[in-house]
Amino acid sequence: MNFLDLLAYAGIFIFAITGAFKARTYKMDIFGAAVLAFVTAYGGGTLRDLLIGARPVSWVNDNIALLLVLASIVITFLFQLNYRQFRRTIFFTDAVGIGLFTVTGIEKSLAFGLNDTYAVVMGVITATFGGLIADILCNAVPNLLKRGELYATACAIGGVIYILLKKIPLEHHINLSICIIIIVAVRIYSKRKRLSLPEI
Amino acid sequence: MNFLDLLAYAGIFIFAITGAFKARTYKMDIFGAAVLAFVTAYGGGTLRDLLIGARPVSWVNDNIALLLVLASIVITFLFQLNYRQFRRTIFFTDAVGIGLFTVTGIEKSLAFGLNDTYAVVMGVITATFGGLIADILCNAVPNLLKRGELYATACAIGGVIYILLKKIPLEHHINLSICIIIIVAVRIYSKRKRLSLPEI
Amino acid sequence: MNFLDLLAYAGIFIFAITGAFKARTYKMDIFGAAVLAFVTAYGGGTLRDLLIGARPVSWVNDNIALLLVLASIVITFLFQLNYRQFRRTIFFTDAVGIGLFTVTGIEKSLAFGLNDTYAVVMGVITATFGGLIADILCNAVPNLLKRGELYATACAIGGVIYILLKKIPLEHHINLSICIIIIVAVRIYSKRKRLSLPEI
């Protein structure tokens, strides 16, 4: 396992924690929390795999995935963690996480023959639709679709730049890092400046 | 591109516009509107493809699909269109659209080895489940499942007649036209007479 | 058709009836009720098939599936049945049904190369996620995720024991029966003792 894998698992873990916190907000039991943690972490990649035709979906037989979700539930439950205590950590780790997920989604989609445009679409879906599905399971209007901070937009910007940089001979790790830095920067900047997309 | 393709794209465009209007009703931002427009237009066909095992799903790499959705968002946003202005146009174009989608869904399902009954089921899903998924994303009870005008029923009637007419040697275009005309007729008639299915 | 098939169809029929009752609670029309009955009966298996990569999904071209759903709608509608009259029958048949579905889901998942852990996960999904999807279609927070009786937990316990008993040479029917009896027992015991998982 290299540094990139570690980073990916950290991202997944934070996604799972976010799902567990959401479950608490909606007063679910620990089974519901496990479902929400899993869906938040893996829902976007699952939808991407279904759409591009990868089968089985990516997490099947990945025991580490289940362990991470389990750990997120145990920690959230035992220590009665809540969102406020870790707001900054979650915000930052989540931003790195969606950066990684965007790139992973783009690369897998390209490997399945998608063109650049649709690869970016799938990158954004990979990074952001897990939270959307979790919101639906909570019977809430998905945050992703409402006016707020730039979230999917940040992924889209990072994804487009990643695809463009692939055209010039640039080492993968550098390109990936640039993409993540851009997404984190857009996230921070949009939060500071209270930027958001206009309502339709 | 022939007349049929044009008709199909007109149908998709109207579906996308309907999705964009729905996004406005639920105060979403333009990203949310794009998601809703896409889901309304392509959600039914996506579900059909997943169920019958067609992969990747139909719209992958179809850049015109993205352009149509984008156009529907730009037009809805710039001209601040709303539903009332175009009620009649939308009603009629939508009826033609669900007719076309029903037939497309039936033909693709038959090509994947489905029997007549399930092909009609898939035709109805293709035509009507995009709006259902969009309603779920808006956190609303899907209109499709509630008492109201005959909508899925119109598609089912048109679909059954289409399948029956396929048994006699009839040119595809004529059969298609008959199916669309029947669906449009059922839609108009049921609206005029305020017909609806009984509550369970 | 053997005894096991009969049992499976009885389980599916009860699932469909449950879906039809849910449709009535949410004042849907008979088309909506048919969708809910179908989704309650087949939604879990459909999700499992999509995730493990079985295509098309299991019920395609199974005309008996449609007939069972149709029968559940006709009976619910004509006789204006309601949940209270059949509470005990439904509770018991449903418990047997989720037992059967858990085992079916596990066996199909193993056949598709899933490891024991994920096979149990898929067994639980097969047995319980149909109701979850139906709840989403009704715009309700899924019962499955909220604090209440042990439901998914019962399936998980039965599934784990089924997987363990597979390791020793035991006839399939006996193993299946033990799994179902355990799930029914957990269901009854948890209802009597008002057991439930803790909130997250």
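Note: Cβ is positioned from N, Cα and C throughout, glycine not excepted.
Database features (TrEMBL):
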TRANSMEM  B:6-23  transmembrane segment
DOMAIN    B:6-80  domain 'Glycine transporter'
TRANSMEM  B:30-52  transmembrane segment
TRANSMEM  B:64-83  transmembrane segment
TRANSMEM  B:90-106  transmembrane segment
DOMAIN    B:92-166  domain 'Glycine transporter'
TRANSMEM  B:118-138  transmembrane segment
TRANSMEM  B:150-168  transmembrane segment
TRANSMEM  B:174-190  transmembrane segment
*Given the transmembrane segment (B:30-52), which of the listed stretches B:64-83, B:90-106, B:118-138, B:150-168, B:174-190 has the most Cβ pairs that are under 8 Å apart from it?*
B:118-138
*Under 8 Å, at least three CB pairs between the transmembrane segment (B:118-138) and the transmembrane segment (B:174-190) (pairs 6 or more apart)?*
no
*By DSSP, what is the split of the domain 'Glycine transporter' (B:6-80) into helix, strand and coil residues?*
59 helix, 2 strand, 14 coil
*asked:* With Cβ-Cβ distances below 8 Å as the criterion, list the same-chain residues six or more beyond the ends of the transmembrane segment (B:64-83) that contact it, or say none.
replied: 9, 12-13, 16-17, 19-21, 24, 30, 33-34, 37-38, 41-42, 90
_Which residues of the chain, 6 or more past the ends of the transmembrane segment (B:6-23), have a CB below 8 A from one of its CBs?_
32-33, 35-42, 64-65, 68-69, 71-73, 75-77, 81-83, 86, 90, 93-94, 96-98, 100-101, 104, 130-131, 134-135, 138
*Would you mind splitting the domain 'Glycine transporter' (B:92-166) into helix, strand and coil residue counts from DSSP?*
60 helix, 1 strand, 14 coil
_Within the domain 'Glycine transporter' (B:92-166), what mean pLDDT does the predicted structure show?_
95
